[in-house]
Amino acid sequence: MPHLIRRVALLHLLYLAIGIIIIVAFGDNDNYWIRVPVAVPSVFWCIFQLIWFLTNAQALIDDFFPLNTPSNYYNDPLTQRVISTLAICLVMGGLAFLITEINNIDNTLRGAAMFWKFCVGGITAGIILTILAQRKYLQIKRSSNLRFIVCFGLILGMFTFAPATASLINRKYASPQVITLPFKVNSKSTDSKHSEYYIFVDVNNNEERFIVDQEFYNQLKIGQIVIFSIRHGALGYDFVVKFKT
């Protein structure tokens, strides 16, 4: 049946939307016996839907954008390897760059908002670059495997590069002036390996997480006031340069 995968994709998209609605509706419920049995399975349900989209991504792209390959077309294997390698390097480089910047994003006020804002911008840029690449290099447009690799590489690569680059620019070209603001520690926690130490404070009525070192973490008590030394970032996002009590 023509476009069957498209219909199945719409069904999985509906399932994903239902799962997200359930998580939003019940994820913050104060009743443990409502929140856990309802919201937690919905998270795994949504993950399953996303896995389906990832495993069927190439078939979906081919269905929505059919290949236009002439019968006498010759696909140069060297060009294909070069383009594929560049796309994969973009993904790996973006992930490595983001890993080096993730702690700085954590210690940025409204850091999560900045992260997702530039992630969306990166995805948009990746889609535009994919379209331009297909127009410039016919090999991409006429090879299903190559097109999928380039699409995956550019979109995922820009998804990771954009927030990491934004964080770096925000800090590197920040105002030199340092201001201090007091915040009350709502709670604190560590990761499963006890290699990262977090404190949670309210910033503009929203609870945000910040990373501190182990010694400072051990000194803190819940309810204690912590002084943040803050600089104003070049992109408008303030970030913490020092914590003190």
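Each residue, glycine too, has its Cβ placed from N, Cα and C.
Features as listed in TrEMBL:
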TRANSMEM  7-26  transmembrane segment
TRANSMEM  38-61  transmembrane segment
TRANSMEM  82-102  transmembrane segment
TRANSMEM  114-133  transmembrane segment
TRANSMEM  145-169  transmembrane segment
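Here the transmembrane segment (82-102) has long-range neighbours at 137, 139-140, 146, 149-150, 152-154, 156-161, 163-165, 167-168, meaning same-chain residues at least 6 beyond its ends whose C-beta is under 8 angstroms from one of its own. Residues 5-6, 9, 12-13, 15-16, 19-20, 22-23, 26-27, 29, 144-145, 147-148, 151-152 of the same chain lie 6 or more positions beyond the ends of the transmembrane segment (38-61) yet place their CB under 8 Å from a CB of it. Remote same-chain partners of the transmembrane segment (114-133), defined as residues 6 or more beyond its termini with a Cβ less than 8 Å from a stretch Cβ, comprise 105, 108, 140, 150-151, 154-163, 165-167, 170, 235, 237.
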